[in-house]
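Student: What follows is a single structure, and I will ask about it in a moment.
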Amino acid sequence: MSNIAILAGDGIGPEVMVEAKKVLNTVASKFDFEITTQDYDIGGAAIDNHGNALPDSTMAGCIESDAILFGSVGGPKWANLPPTEQPERCALLGLRSHFDLFCNMRPATLQPALSSLSTLRSDISEQGFDVLVIRELTGDIYFGEPKGRRGEGEEETGFDSMFYSRREVKRISHLAFQAAQKRNNKVTSVDKANVLATSQLWRQVVEEVAVEYPDVELEHLYVDNAAMQLVRDPNQFDVMLCPNLFGDILSDICAMITGSMGLLPSASLNSDGFGMYEPAGGSAPDIAGLGVANPIAQILSAALMLRYSLNQGAAAKAIEDAVSNALDNGVLTADLLPANERKNAKSTSEVGDYICKQIESA
């Protein structure tokens, strides 16, 4: 039996999580495995109830779990708190740090049926694409020390430090090559090795790791060229392996060219296969409680959890196929429809119900 910590959070988090749990129960029944779920407060809801965005009780529940299914956190109510107390920073960074979740996987898929949503030219978007961005999460300029500000007046200076160790690059590289072996056997490593010492080390270590995966093609791109190529022809990519800063930027480009953040799941993993799974989008407080939120990113996050942490690949594939059927058959929330067709939009629960029925009938 697998134990899942459910951290629905704020905004639309609770309502899309209902649909993800519904789908999980459906595939568990279909594929004859057992899961248990336990709900815990996180983010703004936890601040209101416990005075802390990441309470001890929530952390204890996560420690006892086999995986974390995370919703979304934050909203205007908590926006004026000190930065270290804000839901997004306290909750997410606290969990990433405690569990050493160094690998972020964000699939970005555009199905031809939804090509009109993409910001790309129609001749590009109509081909569809399927890119997996693997981003190192715990190193790079975000966490390097020293950092800060010093001096006064016109001479005041802000500074940051960019660091990567051989160990950090090696472990994320192995995961990228292993992911490529399960896809289309190509890794594009992104760096700025013509300028940065960290990128020179990054490229060297990636090439050393690549020797262990002779069936996987490796190419290197400078980050500026990678950004340009993503919007020129995303179909050329399979797995993109990125340092923290570059991956942060490129994964958001991938999100934009799919046309909706409501479709994009993500996984954050450690070396033991423990992971936290969450939608790529935010808490969308402006539509919370209206029953119009798109639950697909949350549902696909549950599919990633089944694949990478719970060893239920067939169940994950069943969810993904059911989602594809929903999209192909026009079972869409309002964010996926042009303004003149939104009268035909399905509610959050209707989309979840349809996906469950597709799984049951497959």
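The backbone N, Cα and C atoms fix where each Cβ goes, glycine too.
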Student: Looking at substrate binding as recorded in Swiss-Prot, which candidate out of ARG121, ARG135, ARG203 goes with ARG96, ARG106, ASP224?
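Tutor: Looking at ARG121, ARG135, ARG203, the one Swiss-Prot places in the substrate site next to ARG96, ARG106, ASP224 is ARG135.
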Student: Would you identify the secondary structure of ALA79 (NAD(+) binding site) according to DSSP, in three states?
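Tutor: Where ALA79 (NAD(+) binding site) sits, the three-state DSSP reduction gives coil.
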Student: Given the binding-site residues ALA79, PRO83, ALA284, ALA288, VAL292, state which is nearest to ARG106 (substrate binding site) when distance is taken between Cα atoms.
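Tutor: Nearest by Cα distance to ARG106 (substrate binding site): ALA284.
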Student: What residues, ordered by sequence, lie under 8 A Cβ-to-Cβ from ASP248 (Mg(2+) binding site) and sit at least six positions away in the same chain?
Tutor: ARG135
Student: Roughly how many Å lie between the Cα atoms of PRO87 (NAD(+) binding site) and ARG96 (substrate binding site), rounded to a whole value?
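Tutor: The separation of the Cα atoms works out to 14 Å.
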Student: Counting all other Cβ atoms within 10 Å across every protein chain shown, which of the binding-site residues ASP224, ASP252 scores highest?
Tutor: ASP252
